[in-house]
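Annotated domain 'Phosphatidic acid phosphatase type 2/haloperoxidase' per TrEMBL: 143-256, in sequence order. Summarising the annotation, TrEMBL assigns transmembrane segment to 6-28, 40-61, 99-123, 135-155, 218-239, 245-264.
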Amino acid sequence: MLLQVLTQLVVVVALMVGVSIALFVGRYRLRATRTEWRGRIRAAAPITAVLAIVLLFNSVARQVVPDLSWMIGWNLTWAIYDIEGQFILWLQDQATPWLTAYFSFIYIYGYVFLLVFPVVAYFALSNTRPLRQLLAAYTLNYTLGLVLYTLVIAYGPRNMMPELVEALLYDTYPQYQHLTRQVNRNTNVFPSLHTSLAVTVSVLAFRTRDVYPKWNVVAGFLGLSVAISTMYLGIHWAIDVVAGIALAWISVELAGILVGRWSVGEWVSDRVASLRNR
């Protein structure tokens, strides 16, 4: 079942990316990319390698994070509930079959598309800074997110109040459990990484709106939809979403500083040159 869901995800997202390339990127950028792709890959390779290492480390570390979290013992679940009360219950009271179908699609397919397409769109630009900043922001999101997941124990609404909060995604589309259980842990909901990464894309789309004005509108709408979907489906608290927005802003700002002032590629080149001169 997992293979079937993954195949469906890849096919749907690939179609969405293909349509978006035609709508937002344009032929002239694709023509330029055919002649400049080697230089762009060289420019983005260092931060891409760092991101790959962080993702690999995350996949391993998150197997032991729950044990570390319980050793630290900062369980904020009830504190979060005391602050926001029954907002999630109110939100789910607005549920309709159409909304459930929409937010389920957004949570699974829209989210992955939102993360993948900007990589393609920014790679199509001669200026590699937006691409490098995007990848750096992704790296920071995953790094800082893992730290917070380790420090804080927080159960989501559907795990804390299963008798009151409906698991709308899994009740309606149970096959998606095979996919989400590969990356989600019951104790890791603060902050919402879905929200932080989606908002990261939306913020960077806004900052590059002169280049991709139509994508700015779509990214903003999808980013908002992803954030709402995490609450509507009973997966995250509103406070998780607010924390995710804050994490996105911090990651984008730090990425701008790092990409603007420090280059991994230049550092590696300098180190290689210094070793050769010894």
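The first residue you see is number 1, and the count goes up from there.
In case you wondered, yes, glycine gets a Cβ from its N, Cα and C as well.
Mean per-residue pLDDT, taken over the domain 'Phosphatidic acid phosphatase type 2/haloperoxidase' (143-256), amounts to 87. Touching of the transmembrane segment (6-28) and the transmembrane segment (99-123) is concluded from the presence of at least three CB pairs under 8 A, sequence neighbours closer than 6 excluded. Here the transmembrane segment (218-239) does not lie next to the transmembrane segment (40-61) in space: the count of CB pairs under 8 Å, restricted to residues six or more apart, is fewer than 3.
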